[in-house]
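See structure below.
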């Protein structure tokens, strides 16, 4: 509806009304709009935006639209956008663009900014340094509250970045002041009287996920990032932390389904890239599954003697795989949100075994009833019952142990999710199944 | 280390030092500490906390510790804690406690608070009303900046809640003011001159996940919650939004592994509850898997004629299941973060089919080589190759369609994850497999 209204305005060349309409919209919504309109209209709409709004919209665009726009804008227009953008956003934008476009963008910035950008680009991917904001407010401890408020007025930067201000002494971080304290303290007080010296901070090289988790845990609006000399070099704000946590959850979920993680969106990824992200796991799992196949070949004679055994295989393999993935998934998520740690491993195994016994008994009774109803065979029902209990116990123990062990070894626990666990358990299930039936039926 | 230090202080009865140590700690860390110490030490440590700190620590505890503490504290101590707690935290605490404890807690609050608590308790679970904070600052539009700052000083509440202040007229929300604007505007200006009337807000009955997603999307610190008459009744702050999003991700991930979602932590859930959350899906899937088993029974003769066919079943079922879960997982996550919508369904299916062709060809070539190496049988290799391509295409289409359809029908897309998809696909795989081999080998 919004889109139609705007397209109509464009068509009828009501630029003044359109400009007003756009000024009432949020940049994130304008960026979404630009992805929907025709290429040639993108530039038209973009040029109607106020400078600050244009820069913010630019940061929310997908990389296609952004690249198109960069090629369409004049050098001086580009310079204006770059001037208004926050440095951390500029760096995000640059990281996604092809080298020739990056060069053109860097040409549009002044030398000082270029040096800062280069510093930021040098931080490792996924580090706190790579997501931090270099716009923050710092006070000296000798300043009065009045001087501090004056400084905020003069600097006048983005609002997220002023809720907490930092106190430095020769660039070293020595305290912080909440804006509320500034507002409610007498103007003649000195900053050192009202500052809090109990500081939560992170290092430039810390993992961005750990930093985001700290922000969440302590309910912060921003956290200062320091270098190895305790000098403040930037801040990570809560809005960036939310995006980091979302991306990390998406990464975990993809990996848990055997898809290599990918920073791009579903539609932003080409068919070939999608295939490339999915094939390695599938190939590995397909070849691993031949082990289960070879085991089946080994037990061919038993199956020939009792053909009904074959028909139970999908049910047993399915149950083993599902039980295992329930446990491994709970572990992977528990590790990710910091609720479960490696030292809990024995507590976890003991708990999972008890759960497995309850689950196993319920499933095997249900199944014994089904087999009795279908085949009137009590012995088969009880043998399969025992098999199910054994398989569930094996599945739960394997499922809860592997993610914890992976974490301990410094691997990503999400690797030990459904695809790998269920392929492993397929083999285990067949072994347990035939071990039990060959003994019980003497075949 | 921290823990040992504190236990040592307790043992040596160095209460003054311990009190100081505790006052330097964050409430969330103190709560974690209390979960580690002996029961009788919990009360001892808790009584050493400053009033405000005690109340905040109380909100971070697990429900066991909290219940124990409520029973151990005197009525007047309890009253102090309740007085200091924010109303939304009180409600969260009450929701988790047994009825007799709730009564005792409600007795410890004054009548006005009790009425407010009852209103909050009446909002549906997972609604914006149930997570909102009722402490916020509102101005009248005639107030001057000076009067507004004075009001903040007098009310003096929690810092998250003052970064944005709201302007009301007869309780109706008409605008908002960022604290930065207050700080940087002349004291004699009127609020209506500096307020922003372009307001983002949500309704009390909106889903908490949608509200949290709005906060994330627009990078807000807080969002006002209004009733159906546009009167502001509370705010949801970004720290609560982060927890909501984390819980929702955990819920999705659990459901995707066939575990009923659960608000409690892994260790906070009893063995019986864990079993109860896992059995329904396992039972359903186990019984569904018998369909695949019955199909196998139907094709028994074909397998007897060519026993090698059996050994390929785990590999084919595994590949089908894995391909399907890759697609369904990407859809479920894409829907959750708002990147994919139902109207994209044909675009998605077309994309998945192209991906499936690439993936299928690669997997079938790899597999044909393996079969040729192992059995020197070119015909078998090519038949299985064709089967794999067919299965991968089926798996990808089913995997990407079901979550979208579930969303459309108002079901949770996470239901259509690995366990269900792979059980469905097991049946599909067997059908496709035997349809192809019986024709090709004429058995």
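Cβ coordinates are placed from backbone N, Cα and C, and glycine is handled just like the others.
Automated prediction, rather than curation, is the source of TrEMBL annotations.
What TrEMBL says about this one:
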- B:195-251: domain 'CBS' (DOMAIN)
- B:279-299: transmembrane segment (TRANSMEM)
- B:305-323: transmembrane segment (TRANSMEM)
- B:355-375: transmembrane segment (TRANSMEM)
- B:381-405: transmembrane segment (TRANSMEM)
- B:417-441: transmembrane segment (TRANSMEM)
Same-chain residues at least 6 beyond the ends of the transmembrane segment (B:417-441) whose Cβ lies under 8 Å from its Cβ atoms: 255-258, 281, 285, 288-289, 291-292, 295-296, 299, 302, 306, 309, 312-313, 316-317, 320-322, 324-325, 328-329, 332, 379, 383, 386-387, 390-391, 394-395, 398-399, 402-403
Mean of the pLDDT scores, which run from 0 to 100, over the domain 'CBS' (B:195-251): 91
Which of B:279-299, B:355-375, B:381-405 contacts the transmembrane segment (B:305-323) most, counting Cβ pairs under 8 Å: B:381-405
Secondary structure composition of the domain 'CBS' (B:195-251) [DSSP: H/G/I, E/B, coil]: 25 helix, 16 strand, 16 coil
